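Chemist: Quick one: structure below, then a few questions.
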Amino acid sequence: MADDISNFWGPVTSTKEWCELNYARSSYIAEFFNTISNVPCIILALIGLVNALRQRFEKRFSILHMSNIILAIGSMIYHATLRQMQQQGDETPMVWEMLLYIYIIYSPDWHYKSTMPTFLFLYGAAFAILHSQIRFGIGFMLHYALLCLLCIPRTYKYYIHTEDRSAKQLAKLYVATLLVGAVCWLCDRLFCKDISRWYFNPQGHALWHVLMGFNAYFTNTFLMYCRAQQREWNPKIKHCLGFFPYVKIHKLKAQ
């Protein structure tokens, strides 16, 4: 929703705008709620990163948590400025992150260890170059949705082979936050004209950010549990502060 309020970053040049009045609360932040709603994503990713480093999980999980942080920061910058370059700085890491998820989910079953990371790296680099030159619009969203769908079959296989109820609960929370977040995203996108006439804007896109922060946290924790099972590290689901689930492992001395 563009408006005539003076702003620090200049005219809006991004191809997407969301159902929040621009620069309504600060001349330095275009979409205030869509910007600050990324803070929980960063905090949750930091919690996951500390656990991955403290228990010496494989580097792929530390990189995964860091990619969540980078993505959240990119989203903050984009929503704060609504500039085209910053939009690309938000969207390109989204694709890179999904490629990382694909690697983590499928690599244990891939017999040729060097081919998958090489292909995914080249794919990510090619997308970044192409996206810097072309505004994809709806094409980007379809492409991102396809990458997400590619993760589902193997993740479901992990789920059905997991016996621990707490670990299964993580997978259910992943699905629940994804579905509720998708509804918030769609309502904000499709019914903005109606919402704009309401006395109170529920900030559906900001809610999407918060829910996706929890979604990524639950997903990462579930995948860490599954990987620990594969490595026979005797994983258990524990809870920090009585709420935040994390994976506790016990490696044999030889490992």
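Just so you know, glycine gets a Cβ as well, placed from its N, Cα and C.
Those TrEMBL annotations? Automatic predictions, nothing curated.
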Chemist: Among 32-51, 92-111, where does TrEMBL put the label transmembrane segment?
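Modeler: The range carrying the transmembrane segment annotation in TrEMBL is 32-51.
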Chemist: Calculate the distance in Å between the alpha carbons (Cα) of His209 (Zn(2+) binding site) and Glu20 (Ca(2+) binding site), and round it to a whole number.
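Modeler: That separation, Cα to Cα, works out to 14 Å.
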Chemist: Using C-alpha atoms only, work out the spacing between Glu31 (Ca(2+) binding site) and His79 (Zn(2+) binding site) and round it to an integer in Å.
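Modeler: His79 (Zn(2+) binding site) has its Cα 6 Å from the Cα of Glu31 (Ca(2+) binding site).
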Chemist: Within 10 Å of the Cβ of Asn22 (Ca(2+) binding site), how many other Cβ atoms can you find? Include all protein chains, please.
Modeler: 19
